[in-house]
Every structure is written in C-alpha cells, then in structure tokens.
Amino acid sequence: MSERVEAGQNVIKEYLVLTKPGIVSLVLITTLGGMYLGSRGELQPELVFWTLLGTGLAAAGSAVLNMVIDKDIDKLMVRTSERPLPKGTVDPTKAFIFGITLQVFSLVIMLTFVGVLPALLVALASFSYVILYSLLLKRKSPVATEIGGISGALPPVIGYVAASGSVDINAIALFLLMFMWQPPHFWVLALKYADDYKRAGIPTLPVARGVFITKLKTLLYTASLFPVSLIPYLTGLVENLYFVVAVVMNLIYLGLTLKFFFSKKEESMKLFFFSIIYLAVLFGTMIVDMVK
C-alpha cells in the first residue's frame, strides 16, 4: 500500500515538474503586480483569485506543451536531459492531454470570471509561446527569442487589464518594459549554455551569430531599456521616486553590460542575475511609488 502511495506521489511530482513551477511563479508575481497598478492599489480579492488561477493554469499548460514539443531535443541537452519526458517517466500523449486540459480550464475561468479582453490576452500569450516560439521558430531562427518575448511580456498586461478593464498607455508601457528586458536576460544565459544548444541544433543567437553579435545585441537592448523603463513615469503612472530608482538601476545595468561587452569573457552570470534584480526593483518601486 505504501509503495502505491509513493508511486502516486512520484507521478504527481513528475507532472508538477512539467508545469515549470518557477516560471509559473514569476508569471503570477508579474500578473499580480500588473493588477495592483491597474487597480491603483484597490485590489478586489475575488478578481485577483480568478485572474491568478486562470493565468497560472495557462502558464502551466503552455510549459507542459512546450516540454512535449521539445522532448526530443531535451534528451540532447545536459541542462534538460533529466526532465520527465526525456527520462520516460511521463507518457508524451498523457502530457499533451494534461497541457491541453490546463489551457481549456484557463480559458473557461478567464471568460467566466475575469473578462473577454484578459482571456484573449491569456490566449495570445499561450499561442505565442507554444505555437510561434516552441513549434515554429525555436529550431529555425534566433529571432525566436524576441518573438517568444511576447508571451513573457503579457502577464503584467493581463493583470493590469483585468483590474482596469482596458488597454491604455500604461498597459503598453508594462508590455514594452517586459518585452525589451527578456532578450538580453536570455542571451546571457544562452552564452553559458551555447554548447548545449549547439548539440541540440537550436540556433540561439550565440550559436547562429557568435559571441560578439550576442554581446552587441545584449548591449543594444539594455541601452534601449533605459528610455522604455521611464515611460511609466512620463505617463503619470508613478512619481519621482520611481524615476530616480529607474535611472540609477539603468545606469548600473548599462555599466555592467558595457563591461561585459568589452571584456574577453564569453559568459557572465553576474549580469544574468543582476537583470533579475533590475526587473524586481523596478516593479517593486512602481508599486511603492504609484500615483493613486
């Protein structure tokens, strides 16, 4: 009996791994942040619950479907070879059904309890990640990183629109900030795992264009983040504290990126981790310094 229980627990754990809990957590945090900004700090608990549930299920379902699509190349990469599908601990067909089921539940919840527009944005996020990125572009072009950024940029917009009821300049500002942040964040990681991606035949920017072009594009995107990150201040979403913090964080981020660009290093996890701190500080300051 205990062996059955243990086996059942192991199966649950493997299915949980398929949903990429770390990424789902980040999606939920940015969605909640968007809701707080969209509601001007006056969150409705019931709406928050349904929005986070619907968005979380969509993110989890997309992660599962991504793993189903990538099961063959995941076997070839050291970083992903221990995932459930490459290991054979979960049947691909069952995983596919699981992923689709999560997506269906997500759409029903969003349409029933949140609204048509947020539901459409959730569907767009899933489509851009599963179809555009995972299925069509990831194995063919380094542009996949930028296109795939659409899905990662939408969670705060989904939260903002769910709370405010419309897509306005502030929602667009949140989208642009997330969209411009993702490529340089990923490219630094892609440099570290370039051999893994090359072995699997994935044309990430370091594999397809080399280290110099990757470092150059990382620098260009980081520089572009500076003006983009100030849009929430210019639109009146936040006040002076955010402006000061954003300027300081951008100068540090740009300085670290310039240092990396001119160095002989081919990877920089320090820059990768700072990019996470950068985003967290900016979003945190937005919430603290929001105009109510």
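Using the three backbone atoms N, Cα and C, a Cβ is placed for every residue, glycine included.
Keep in mind it's a predicted model, so treat the numbers as computed, not measured.
With a cut-off of 8 Å between Cβ atoms, the residues of this chain six or more beyond the transmembrane segment (15-35) that come close are 43, 47-48, 51-52, 55-56, 59-61, 63-64, 66-67, 83-85, 90, 95, 98-99, 102, 155-163, 171, 174, 178, 283, 286-287. What Swiss-Prot lists as transmembrane segment is 15-35 (among others), and the listing cites sequence analysis.
Per Swiss-Prot, transmembrane segment is recorded for 49-69 (among others), and the stated evidence type is sequence analysis.
Per Swiss-Prot, the feature transmembrane segment maps to 104-124 (among others); the stated evidence is sequence analysis.
Per Swiss-Prot, the feature transmembrane segment maps to 147-167 (among others).
Annotated transmembrane segment per Swiss-Prot: 171-191 (among others), in sequence order, evidence recorded as sequence analysis.
The transmembrane segment feature in Swiss-Prot is assigned to 218-238 (among others); the stated evidence is sequence analysis.
The transmembrane segment annotation in Swiss-Prot covers 242-262 (among others), and the record cites sequence analysis as its basis.
Residues or ranges marked as transmembrane segment in Swiss-Prot: 271-291 (among others).
Most Cβ pairs under 8 Å with the transmembrane segment (242-262) belong to 271-291, among the candidate stretches 49-69, 147-167, 171-191, 271-291. Ranking 49-69, 104-124, 271-291 by CB pairs under 8 A with the transmembrane segment (171-191) puts 271-291 at the top.
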